[in-house]
Amino acid sequence: MICSLVLLFAVAAVRVSSRSGLPTLLIYLGIGVAIGTDGIGVTFNDAELTQILGYAALVVILAEGGLGTKWGEIKPALPVAAVLSTVGVAVSVGITAAAGHYVVGLDWRQALIIGAVVSSTDAAAVFSVLRTVPLPKRLTGILEAESGFNDAPVVILVVAFSSQGPMGSWYALIGTIALELAIGAVIGIAVGWLGAYGLRHVALPASGLYPIAVIAIAVTAYAEGSLAHGSGFLAVYLASLIMGNARLPHWPATRGFAEGLGWLAQIGMFVLLGLLVTPHELGDDILPALAVGLVLTVVARPVSVLISTAPFRLPWREKTLLSWAGLRGAVPIVLATIPMVSDVPDSRRIFNIVFVLVIVYTLIQGPTLPWLAPGCGSRSPSRPTWASSRRHWSDCAAICCRCRSPSRPRCTASRSASCDCPRAPRSPWWSGTRPASYRCPRRCCGAATSCW
C-alpha cells in the first residue's frame, strides 16, 4: 500500500514540477525524508543496500539516456565531452578538494572523496532538464555525452580514495582509470553491436519482448564490463547508444518502455536516498556544504570548462551555459555511500555534506537554467498561433491528399464528413475545441490520414 501511494504521489509530482519549476528529484527526496526517521518513522540505515540499488537504478537511467540519444547530435560533441569527462573531472576534483581541505578543514582523504563525488554531473538531472530546456544541438550533445561518460572515471576515483590501503602513485591511478575506461568502451561497443544485429535478424514471437531484450542487453553490457574489471557504466551507456541508433524493430514500444523504467528507477533511487538521510543531523554540515558547493559552482566547474574547451572553438556564451549546466543529482549521493560501506572515518559527515550540497545547489541551478539559456544562444519554443497552425495544417492536408497513382494524376478526394483526427488545429487560445467547419483530410483511396 505504501509503495503504491508513493508511486502515485511521485507521478503526480511530475506535474507539479513542470508547473512550478521545482526539480522532481527534490520532490522525490522529500518523499523519502517524510517517510524516514524524522517523518513517519521508518528506520533505514543500510548504506550497502542503498549503494547496490542505486547502482542498479543508475544502470537503467544510463540505458534510457543512451537509447534516447541521437548519434547525429552527439557525434560532433564527442571530443569536447571526452575532455570534460576526464581532464575536466580531474580539474574539478583538485579545486573542490583544495576548498574542502583549506576552507572547511577536512583532511586530504575526506576532501578528495568529496571532490570526486560531487564532480560527476547527474545523468538523470541532465536528461530531465534537456527534455524541457531548448538548448542548441551542440550544447545538448555535449551535456548528454558528458553526463553519460563522466560517471565511469568518477566511480573509479571514489573507490580508490575510499580504499583502506595506500592509494599509490598518481601515475598508477591514471593508468588504472584509462585501462578500465578502455575495457568498458570495447565491451559496450561489442555488446551493443551484437545486440542490435541480433534483434534486427531474429524475429521474436511478440512485440512486447523487444523492449525487454533491449534492457537485458544493456544490463549484460554493465555486467560484462564489471566482470572484466572495466567500467560497467561506460559499457551500458555505449551499448544503449548503439542500439538506440540501430533502427530496431518495434522501436516506439522499446523507447516508451525504457522511459517508463527510467522514471521508475529515478523515483526509487531518490526515495531510498531520502530514507537514508537523517535530517536532524544535517545542521552542523550546512555551512561546510554551502562553502564547498559555492567553490564547485563558481570556481571549479567554470575553470574545468575553460580548460577542457580551450582546444575547441566554443563561444563564450556556450561556455557560460556549460559551466552553469553541470547539474548534480542522485549520483553524487549514491557515490557518497561508497565511503560509508568502506568504513572511511567520518563517512556519515561526508554523506551529509554531499546531500546538503546537492539539495541547495539543485534548487539554485535547476530553476535558473531555463532563464539563463535564452541569453546564451538558446531559443525558447514559440507558442503556436491559430493562424500558423491552420496554414500548416492546410499545406499538410494538400500533401496528404495527393494521389500517388500514375493513372490518377489529380486527386479529387474531399475532406471527411467528421473530424476525428487528434492533431487537427484547435480554436484560438487552444481551448481544446476544433472548428466545426474544419475537416480531417483523406487519402485518394478514402482512408483517413494524419499529417503529423
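Note that the numbers count up from 1, one per residue, in the order the chain is shown.
Here the Cβ of each residue, glycine as well, is placed from N, Cα and C on the backbone.
Quantities reported herein were computed from a predicted structural model and do not represent experimental measurements.
Going by TrEMBL, these are the annotated features:
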DOMAIN    8-372  domain 'Cation/H+ exchanger transmembrane'
TRANSMEM  25-45  transmembrane segment
TRANSMEM  52-71  transmembrane segment
TRANSMEM  77-99  transmembrane segment
TRANSMEM  111-130  transmembrane segment
TRANSMEM  170-195  transmembrane segment
TRANSMEM  202-223  transmembrane segment
TRANSMEM  229-248  transmembrane segment
TRANSMEM  260-280  transmembrane segment
TRANSMEM  286-309  transmembrane segment
TRANSMEM  353-373  transmembrane segment
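In this chain, the transmembrane segment (260-280) lies apart from the transmembrane segment (77-99): fewer than three C-beta pairs between them fall below 8 angstroms, excluding pairs fewer than 6 positions apart.
Ranked by number of Cβ pairs under 8 Å to the transmembrane segment (77-99), the listed stretches 52-71, 170-195, 202-223, 286-309, 353-373 are led by 286-309.
Nonlocal intrachain contacts for the transmembrane segment (25-45), taken as residues 6+ away from its ends with a CB within less than 8 angstroms of a stretch CB, comprise 2, 6, 9-10, 13, 16-17, 124-125, 128, 266-267, 270-280, 329-330, 359, 362-363. Long-range contacts of the transmembrane segment (170-195) within the same chain: residues 86, 152-153, 156-157, 160, 213-214, 217, 220-221, 224-225, 228-243, each at least 6 residues beyond the stretch ends and with a Cβ under 8 Å from a Cβ of the stretch.
With a threshold of 8 Å between CB atoms, the same-chain residues lying at least 6 positions outside the transmembrane segment (229-248) that come near it are 58-59, 62-71, 74, 148-149, 151-153, 155-156, 179-189, 191-193, 195-196, 199-200, 210, 214, 217-223, 254.
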